[in-house]
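Copied over from Swiss-Prot, here are the features:
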| type | residues | note |
| --- | --- | --- |
| ACT_SITE | 13 | active site |
| BINDING | 167, 170, 173 | Na(+) binding site |
């Protein structure tokens, strides 16, 4: 247990993005845990931004993630159709702003052209193998998706199976999958 939170650490989620076959899919599970207790099983941690042209998913503290989603939405309004630029500007603010620096979350964002992971360290990472995952079960989902990328499975099937595998292994990930899909370049 932390000195700030008598209930322990909040653990939340697995988010994965798969880009394959002219589609980009982002999927996340619905579990939010506080310490050893499942607080909610149907949280929605994947959503559309920027008039539906961008999909975003978050892992970490929920209030912090919503703050970052609002900031990203503002950056997308400032830099329309420039997800990379908006993400870099958000990462710069996140790293240098005294208030934002303390936010504990990670984000995956994608549009028709690019998929990015954004961290509080100022990192904006673009995956090289068509998939990336974050959160407590992120490594399990990522490994599963990488193993399936050469199969004949669709992006949707890969994302769903990867989350299923992560949910089987990670106690902070469940099988309640929310998925958003965009047509990709």
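In case you wondered, yes, glycine gets a Cβ from its N, Cα and C as well.
If you measure from the Cα atom of residue 167 (Na(+) binding site) to that of the residue listed as 'active site', you get 9 Å. DSSP gives residue 167 (Na(+) binding site) a helix state.
Rounded to the nearest whole angstrom, the C-alpha distance between residue 170 (Na(+) binding site) and residue 13 (active site) is 9. A straight line from the CA of residue 173 (Na(+) binding site) to the CA of residue 13 (active site) spans 5 Å. Long-range C-beta contacts of the residue listed as 'active site', restricted to its own chain and to partners at least six residues apart, with a cutoff below 8 Å, comprise 28, 29, 31, 32, 43, 45, 58, 59, 135, 136, 137, 172, 173. Using a 10 Å Cβ-Cβ cutoff, residue 170 (Na(+) binding site) registers 22 neighbours.
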